[in-house]
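Engineer: I grabbed these lines from Swiss-Prot:
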- 279-296: compositional bias 'Pro residues' (COMPBIAS)
- 326-339: compositional bias 'Polar residues' (COMPBIAS)
- 260-302: region 'Disordered' (REGION)
- 316-360: region 'Disordered' (REGION)
- 36-56: transmembrane segment (TRANSMEM)
- 59-79: transmembrane segment (TRANSMEM)
- 93-113: transmembrane segment (TRANSMEM)
- 116-136: transmembrane segment (TRANSMEM)
- 145-165: transmembrane segment (TRANSMEM)
- 177-197: transmembrane segment (TRANSMEM)
- 218-238: transmembrane segment (TRANSMEM)
Amino acid sequence: MPGTMETLRFQLLPPEPDDTFWGAPCEQPLERRYQALPALVCIMCCLFGVVYCFFGYRCFKAVLFLTGLLFGSVVIFLLCYRERVLETQLSAGASAGIALGIGLLCGLVAMLVRSVGLFLVGLLLGLLLAAAALLGSAPYYQPGSVWGPLGLLLGGGLLCALLTLRWPRPLTTLATAVTGAALIATAADYFAELLLLGRYVVERLRAAPVPPLCWRSWALLALWPLLSLMGVLVQWRVTTERDSHTEVVISRQRRRVQLMRIRQQEERKEKRRKKRPPRAPPRGPRAPPRPGPPDPAYRRRPVPIKRFNGDVLSPSYIQSFRDRQTGSSLSSFMASPTDTDYEYGSRGPLTACSGPPVRV
C-alpha cells in the first residue's frame, strides 16, 4: 500500500519538500516553478470541474463517461507503473498510454450501461467524502495503521454507490457537485501551493505523521465545501429542474414492454391459426360467387321525380269519389259532374266510374 501511494507522486508533482518545509510552511515563501504539463492538466481539471459542479446532472452521459475514464485510467496506471508487465518494467509514458486506452473503454461501458455508471459515480462520492473526513479529523485523530483510512474509503465508497443506485437523481447531483468542487480546489492548490494540500492528503491516507496545515491550505480546503454547496443549489434550482433521466429510462422500458406484449399477442394468434384444421373442399361444381353490393361511395343517385299540379288530388274530389262508391250522392254527382271546388287544379276525374252508366 505505501508503494502504491508513492506512485501518485509521479511526474506531475514537483520535488517533495524536506522536513524544514513541512515544519514551517507559512513562514517560508514558496518557490512557484510551474511546468507545462502539470499546468495544462490542472487547467483541464478546472474546466471539467466547472462542468461537473454546475451542469453535472444535465450532462448525465458525459459525466458517466468521464467518471469511467477517470477510474479506469487511474487504476490501470497504478497497476502498470508499479508492477512488472510481461517481465518488463514499463515507463511512465507507456503506462499512461495503456491506462488512457483502457480508461476510454471503461468510460464507454459506464456511459452505455447506466447501472455501472451510477455505481462509479456513487463510489467516487464515497471516496471523496471519506477523504474529507480524514482531512477534517486531522487535528483530533491520527490513524495508527493504513487499514483505518483504507476501511473508511472502501466502506464510504460502497455505501454511497448503493445509495446512488437507489436514489439516482439527488445523489448524482450531490456527487457531481462534490467532484467538480474537488477538481477546482485541486487546480487552485497547484497554482497556489504546488499541490501541498494534495501531498498532505496522500500522507494522511498512508497514516504517516504530518505537521499541521498552514492557513493557506485551510482556505483552499474550505473552498471545497463552499463550491459543493453552490453546485448543489445551482443544479437543484436551475439546471436539473426540468431534466429527469430516470423518467426517460422508465419511458423506454415501458415502450419495450408494450412491444413485447404486442409480439406475444401476434405469436398467440399465429399459433391459433396453425392449430385450426383446414376446411374440406366442397364436392361438386362450385357455384360462381355472387357479386357483392356495390360500394356506397360509387352508387349513383336516383333521378328526382318531377311533380305537377294534377298529381295531387284535392280533398273535395276524394270525398265525392267516396260518395259515388257508396251510392249515397248519385243525384248530386249527376247535377255537377265535375267538382269545381279544387285546390290544386284538378278539373276532371282521373278514373272512370266503376258502376254501369246511368241513363236519365
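Note that Cβ sites are derived from N, Cα and C of the backbone, with glycine treated the same way.
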Engineer: Do the transmembrane segment (116-136) and the transmembrane segment (177-197) share at least 3 Cβ pairs under 8 Å, sequence separation 6 or more?
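Structural biologist: The transmembrane segment (177-197) and the transmembrane segment (116-136): touching, yes.
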Engineer: Cβ under 8 Å to the transmembrane segment (145-165), counting only same-chain residues 6 or more beyond its ends: which ones?
Structural biologist: 1-2, 115, 118-127, 129-131, 133-134, 171-172, 175, 204-207
Engineer: When you look at the transmembrane segment (36-56) alongside the transmembrane segment (218-238), do they share 3+ Cβ pairs under 8 Å, ignoring any pair fewer than 6 residues apart in sequence?
Structural biologist: yes
Engineer: Please give the sequence-distant neighbours of the transmembrane segment (93-113): residues at least 6 beyond its ends with Cβ less than 8 Å from one of its Cβ atoms.
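Structural biologist: Tertiary neighbours of the transmembrane segment (93-113) are 61, 64-74, 76-77, 80-81, 120.
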